[in-house]
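J.: What follows is a single structure, and I will ask about it in a moment.
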């Protein structure tokens, strides 16, 4: 039985990171974690392009454009949606998740979902580099692994 796995070596790979500007005090930390992880695993900063969009809802469109460009081995999507007192949270979270998943399936490029969907600011802070780790860094690891898994197939 063959066991196909992806390694965590980013040498020679190119990445795009699409980050929402809304809640940027959290998203800056997610972005820093992602870039740091990519570099620690062999990517060079000149092979990492970052694009800022107004909010999480706009991420899938830009991720699709980046994936279709053929310039990137993977696209990492970062943002934070914090529940408020209206149903807006539910609509945004659902559409962003569907949109990012659709882009991956349509393009065949790994598109990583690093959009925090939290009940509170405290939960978001925990996931951006404190006691729950940095989800931007985790997405970067996932991107590296997925690129290498797809290359091994």
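Keep in mind that glycine also has a Cβ here, set from the backbone N, Cα and C atoms.
Not measured: the values here are computed from a predicted model.
Heads up, here are the entries from Swiss-Prot:
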ACT_SITE  88  active site, proton donor
BINDING   22, 56, 57, 58, 80, 81, 82, 113  5-amino-6-(D-ribitylamino)uracil binding site
BINDING   85, 86, 127  (2S)-2-hydroxy-3-oxobutyl phosphate binding site
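Help me picture where these features are in the structure shown.
T.: Summarising the environment of residue 88 (active site, proton donor), the number of other Cβ atoms within 10 Å of its Cβ, over all protein chains shown, is 12.
Reduced to three states, the DSSP call for residue 22 (5-amino-6-(D-ribitylamino)uracil binding site) is coil. A simple way to gauge crowding: the CB of residue 22 (5-amino-6-(D-ribitylamino)uracil binding site) has 17 other CB atoms within 10 angstroms, across all the protein chains here.
Here residue 85 ((2S)-2-hydroxy-3-oxobutyl phosphate binding site) comes close to no residue that lies at least six apart in sequence on the same chain with a C-beta under 8 angstroms from its C-beta.
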J.: So if I draw a 10 Å sphere around the Cβ of residue 81 (5-amino-6-(D-ribitylamino)uracil binding site), how many other Cβ atoms end up inside it?
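T.: I count 23 other Cβ atoms within 10 Å of it.
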J.: Express the distance between the Cα positions of residue 58 (5-amino-6-(D-ribitylamino)uracil binding site) and residue 127 ((2S)-2-hydroxy-3-oxobutyl phosphate binding site) as a whole number of Å.
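T.: Answer for this pair: 22 Å between alpha carbons.
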J.: Using DSSP, would you call residue 85 ((2S)-2-hydroxy-3-oxobutyl phosphate binding site) helix, strand or coil?
T.: coil
